[in-house]
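A short worksheet on the structure shown next.
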Amino acid sequence: MVMSRTLVLVALLGFAYVCESALITNLPGAPISNFKQYSGYYNVGTKKNHMLHYWFVESQSNPSTDPVLLWLTGGPGCSGLSALLTEWGPWNVNTDGATLRTNPYSWNKNASILTLEAPAGVGYSYATDNNIATGDDQTASENWEALVAFFNEFPQYKGNDFYVTGESYGGIYVPTLVQTILDRQSQSHINIKGLAIGNGCVSANEGVDSLVNFLYHHGVVDQAKWEHMKTSCCHNDTDACPWHSFSEFSACGEFVEATQQTAWNGGLNPYNMYADCISTSASFRFGMEYERRFNKKYTPEVLGTVPCLDESPVTNYLNRQDVRKALGIPSSLPAWSICSNAISYGYKRQYGDMTSRVLNAVNNNNLKMMLYNGDVDLACNALMGQRFTDKLGLTLSKKKTHFTVKGQIGGYVTQYKGSQVTFATVRGAGHMVPTDKPAVAEHIIQSFLFNKAF
C-alpha cells in the first residue's frame with residue numbers, strides 16, 4: 001500500500017509539473033487576466049513525428065463546470081492563433097503588433113477553449129523529420145490524438161461538456177474529427193456534446209452551385225449573360241442548376257469558371273465582398289491566386305496566404321521573441337506565419353461533402369450542431385450553408401426568422417429537430433464572423449452552448 005501510494009503521488013506530482021510547465025505566467029503586451037492559460041505541444045502521428053502546438057485559455061467564469069471547446073481554423077494550412085487573437089479570444093491584437101486589448105465579447109467568458117495549430121507544418125506546429133505530408137483522415141486522427149493527450153494532461157476537464165468548433169475548411173476538419181471521436185470512444189471516451197462550424201466549406205459541389213447564384217443575386221453577373229446561361233445551361237431553373245458538373249471547356253463551364261475568377265481574382269475581398277481589399281498586406285502581394293479545392297474543377301481555394309486581409313499585426317505579435325518565449329516555442333523554429341503554402345499545396349483533400357458524417361453525429365449520436373455564416377462571405381457563402389443544412393432532410397421545427405442583438409437584427413435563424421440543429425446567418429459579416437460582428441458571434445455561440453433562445 002505504501003508503494004502504491006508513492007507511485008500515485010509521483011504520478012500526481014508529475015502531472016502538476018506538466019501543467020505548470022505549460023502555464024503562461026506573463027504574456028507580453030496583454031492586459032491582466034483573471035484566468036489561467038497554457039501553451040505547449042502534443043506529440044502525435046503513427047511515427048510520433050508531429051508536434052502539434054496548442055494554446056489553451058480557461059473559462060473566466062467557472063472552468064470546473066463550463067464547457068470545453070476545441071477550435072480548428074481551416075485553410076487547409078492556416079493557424080488558429082489568428083482566430084484566438086483577432087476573432088473570439090480574450091484579447092484582440094492592436095495595430096501596433098506589440099500589444100493586446102481585452103475583447104469584451106470573448107467566448108471564454110464562460111467556456112474554456114483549446115486552440116490547436118493543425119496539421120503539423122501550420123503555425124508553430126512542426127514535424128521532427130520535416131515530413132508534413134498529410135490529408136483529411138490523417139489530420140482527423142492526429143487531432144484526436146492531441147485531444148486524448150489534452151484530457152490526460154488536464155483530467156479535471158474530462159467530465160465537462162465538450163464541443164468541436166471551427167471555421168472555413170473547418171467544415172471538413174470538424175465533422176471528420178467528430179466522426180473519429182465517435183469511432184474511437186471505446187479507446188478513449190470523450191464527453192462530446194456537439195459541433196459548431198462558422199462559414200464552413202461543407203460541400204464542394206454545393207459551394208460551386210451556390211456561389212454562382214450568390215454572385216448573380218448580389219449584382220455581380222451581367223443580366224444578359226445570366227439569361228443566356230439560364231436557358232442554355234439550366235433549363236430556366238438556376239436554383240437547381242448543377243453548375244459544378246459542366247465541362248471546363250464548354251460554354252457553361254467557362255461561365256462558371258468566370259464567376260470563380262470574379263470571386264477570387266477580380267479585385268473583390270473574397271472574405272467580405274463589401275469590405276475593402278487591403279493591398280498593403282503581405283499576402284496580397286502574392287496576388288489573388290487560387291487552386292482547386294478537393295481536386296475538382298471550378299472550386300477555388302486561397303493559397304496559404306490570406307488575400308485582402310492585413311495579417312501583419314498578429315504576425316508581428318506572435319513573432320516577438322518574448323512572446324515566443326512565453327509560449328514555449330523552440331528557438332529553432334522559423335517565424336510564425338498565418339498560413340502555410342506547403343500545407344495548402346500538398347494537403348490531400350479526401351472528402352467533398354460532409355452530409356453522412358453530420359447525419360451520423362446528429363441522428364445516430366444525438367449531438368447538437370450549429371452552422372453559422374456571415375452573409376457577405378464569398379469563400380464559403382451563406383447560401384451553401386443554408387442549402388447543405390436543408391438537404392440533410394431533418395424535421396423543420398423553426399422556420400427562418402430574424403433574431404436581435406442589442407436592439408438590432410443580428411441575422412436569421414432556422415432550426416431542425418427541436419433546437420438540435422441550427423443554421424444561422426449573421427447580417428453584414430464575412431468569413432470571420434467574430435471579427436466582423438463580435439457581439440452577434442457571442443450571442444449565437446451562447447445560444448448554442450447553453451440552449452438559450454435566439
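Heads up, the Cβ atoms here are built off N, Cα and C, so glycines get one too.
Positions annotated as signal peptide by Swiss-Prot: 1-21.
In the three-state DSSP scheme, Asn110 (N-linked glycosylation site) falls into the coil class. Taken from Swiss-Prot, the feature N-linked glycosylation site applies to Asn110 (among others), supported by sequence analysis.
Its Cβ taken as reference, Ser168 (active site) is surrounded by 26 other Cβ atoms within 10 Å in the chains shown. Sequence annotations record features per position, and here Swiss-Prot assigns active site to Ser168 (among others) based on similarity to another entry.
For Asn236 (among others), the entry in Swiss-Prot reads N-linked glycosylation site. Sequence-distant contacts of Asn236 (N-linked glycosylation site), defined as residues of its own chain at least six apart whose C-beta falls under 8 angstroms from its C-beta, comprise Lys230.
Asp377 (active site) falls outside any helix or strand according to DSSP and counts as coil. If you look up Swiss-Prot, you'll see Asp377 (among others) marked as active site, on the strength of similarity to another entry.
According to Swiss-Prot, the feature active site maps to His431 (among others), an assignment based on similarity to another entry. In the three-state DSSP classification, His431 (active site) falls within coil.
Separation of the C-alpha atoms of Asn110 (N-linked glycosylation site) and Ser168 (active site): 24 Å, rounded to the nearest whole number. For Asp377 (active site) paired with Ser168 (active site), the C-alpha to C-alpha distance reads 11 Å. Non-local contacts of His431 (active site) by the CB criterion (under 8 A, 6+ apart in sequence, same chain) comprise Glu167, Ser168, Asn199, Pro270, Tyr271, Asn272, Gly374, Asp377, Ala379, Cys380. A simple way to gauge crowding: the CB of Asp377 (active site) has 27 other CB atoms within 10 angstroms, across all the protein chains here. DSSP classifies Ser168 (active site) as coil under the three-state reduction.
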